């Protein structure tokens, strides 16, 4: 049977599917209908010719072809021909150029250069790991995860690949998986402070999911303001004669009731305000240390994992 008819049928089938589920505008739908009619006329096939149907739809065929291109055979496999000296040298040059583009924050260019290096030497874990860092900078965390998987597959002892995998998974809010990869990174590089810090953050995020009513950086402002301990201590602070005297002086136009002779009003007011805040913090710590620890945990949880160490490309 003519494969051209099979291909035409697959395209017509795909276009019909887009008409049903594509969410297209009326103009786009009309254009697809015209395209379908043209294909049916040109190749003499219609959607009713089910004998022309392939085992897979066109999108499935495309997805499989794309996956096979992105995931070539195992670079460590026995059938893989090692790169020539010239290819290895060129791959290193491309990697170095990619590193320079990373420093210039030209992340798309870096992805392209690392990809070229991978084409020449797909058995080098560093190239995949570096491209993962570039993908993360572009917000393509799924791509970063895939490249880290490739790097780990090539070199299971490569700690940086586990660390970058943890960063990408954290960005995807997959904190349980991120914790596992950070632990593996620390197992391979136990003195790495970045891995330790990122592991702590991921563990906190895993234990305490961010509140949907939380404020900036997932700090639960709404919960804080509704906490009776916080309200009681805040009321005590606002009723403090020292704070009331300070605020009265500031409102009256710079009068410095708490200042010392010869000190500037602005400096003394600021110092007094800081002093009042410190007293409030001390009072909170003494009266409800568990609540203070809860606030501290929320602040730590609101931080994002650091990529400072990971930005150093090899």
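Keep in mind that glycine also has a Cβ here, set from the backbone N, Cα and C atoms.
Positions annotated as region 'Disordered' by Swiss-Prot: 65-99 (among others).
The compositional bias 'Basic and acidic residues' annotation in Swiss-Prot covers 71-83 (among others).
Under the three-state DSSP scheme, residue 81 (phosphothreonine) falls in the coil class. Around residue 81 (phosphothreonine), a 10 Å sphere centred on its CB holds 5 further CB atoms from the protein chains shown. Residues annotated as phosphothreonine in Swiss-Prot: 81 (among others).
Sequence annotations record features per position, and here Swiss-Prot assigns phosphoserine to 84 (among others) based on a large-scale study or a structure entry. Proximity of residue 84 (phosphoserine) to non-local residues of its own chain (separation of 6 or more, Cβ distance below 8 Å) is seen for none.
If you look at the compositional bias 'Basic and acidic residues' (90-99), the same-chain residues 6 or more away from its ends with a CB under 8 A from one of its CBs are 83, 109-111, 113-114, 116-118, 120-121, 124, 126-127, 130-131, 134, 313-314. Per Swiss-Prot, the feature compositional bias 'Basic and acidic residues' maps to 90-99 (among others).
Residues annotated as repeat 'TPR 1' in Swiss-Prot: 91-124. Across the repeat 'TPR 1' (91-124), the model assigns an average pLDDT of 95.
Here Swiss-Prot flags 249-268 (among others) as region 'Disordered'.
If you look up Swiss-Prot, you'll see 302 (among others) marked as phosphoserine.
Here Swiss-Prot flags 304 (among others) as phosphothreonine.
Positions annotated as phosphoserine by Swiss-Prot, on the basis of similarity to another entry: 306 (among others).
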